[in-house]
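Enquirer: Have a look at this one before I ask anything.
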């Protein structure tokens, strides 16, 4: 039986009372300078600083905390799962149709319940470090086929450990931020020097990312079966990629300038607790992983993902791929446990990208590199076509879980390509 909120929630809304994702916002009508935490409910944002000031977070773990009077969520993340569960239970009760504390308090309701179209969403966390994994078998196989051929498309080590690289946290931006086409070097042609100029193969990558909660001490790994307690929730992510720059630079040390110019995340963090009803079995891993990666319960989540492109100068956007989070081979918990197995210390607010999430069919490939097979064929986008992104193109990623009479969704993660600087 679906819970019912006193706030009207449309049937197609991503933000039901079953969801209550967390973000950081500014509200122009009240205070244009102070960011503060909120949760999404229908077409509204519930201001958690107002709820905390009113003394409605009255549970033992949150009653004396100032975590909702901060300009990011890191202090709340650091409190861990018991505090997250207490907050969720409190908020679901306050927003339910049969609870009067907020519903019948007109002044508090006016102060705390803000129309979503009046707020500006900001990065929800202070991101100290960002790691991007390579956890989709279909994506790994397709990349191998494109660049190495059919003899050995997936390197043998891929099936034994979650491959990753350390990304650039400073260039992670919130959805809606424009992305300037990067400049860099590309492969030389014949005996000429390397190409230098605007990227000719600019791409999106359909990803999600785990937001780290409590970290671990340096030198002390996190057990894979306890890793979920160190993951607060998940966001949509577009790890923009300049494929030509990446292809020239990545041997022998991996991605650098082809990735670090911009990574976009969605503003709302959907918690693992909200995703729990949509948990599903992860793929069988062959060969079985080493003991430190062997999980008692290995699960993914049934999250439908879609990428739309709005071509430059067009009014409409067009679906170019539909995938699902459950295609990931390596789970979020395996990624986190592997990250720490050498003693690396994670911290609250760290971001762990999944890597491109591709499915087995061509229409579920998670980037243009795969969809156009590295530009060897055209992808239809409405009345036009693309091999890679052009200036003025906007990419919109969305994700949603469909429950019985309600949704748990992520909203959108979008960005538009601007021309390279002269």
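Including glycine, each Cβ sits where the backbone N, Cα and C put it.
The shown structure was predicted, so the numbers you read here are calculated from the model rather than taken from an experiment.
Annotations per TrEMBL:
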DOMAIN    18-124  domain 'Fumarylacetoacetase N-terminal'
DOMAIN    132-399  domain 'Fumarylacetoacetase-like C-terminal'
BINDING   134, 148, 246, 250, 356  substrate binding site
ACT_SITE  139  active site, proton acceptor
BINDING   239, 259, 263  Mg(2+) binding site
Enquirer: Cα within 10 Å of residue 259 (Mg(2+) binding site) is the criterion; apply it to the binding-site residues 148, 246, 356 and give the hits in sequence order.
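Expert: So the list is 246.
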Enquirer: By a 10 A CB contact count over all chains shown, which of the binding-site residues listed here is most packed: 246, 356?
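Expert: For the binding-site residues 246, 356, the Cβ with the most other Cβ atoms within 10 Å is 356.
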Enquirer: By a 10 A CB contact count over all chains shown, which of the binding-site residues listed here is most packed: 148, 250, 259?
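Expert: Of the binding-site residues 148, 250, 259, the highest Cβ count within 10 Å belongs to 259.
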Enquirer: Report, as a single number, how many Cβ atoms besides its own are within 10 Å of the Cβ of residue 263 (Mg(2+) binding site).
Expert: 28
Enquirer: Please report the Cα separation of residue 239 (Mg(2+) binding site) and residue 250 (substrate binding site) in Å, rounded to an integer.
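Expert: Cα-Cα distance, residue 239 (Mg(2+) binding site) to residue 250 (substrate binding site): 16 Å.
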Enquirer: Return the residues near residue 139 (active site, proton acceptor) by Cβ distance under 8 Å, restricted to its own chain and a separation of at least 6 in sequence.
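Expert: For residue 139 (active site, proton acceptor), the qualifying residues are 355, 356, 357, 358, 365, 366, 367, 370.
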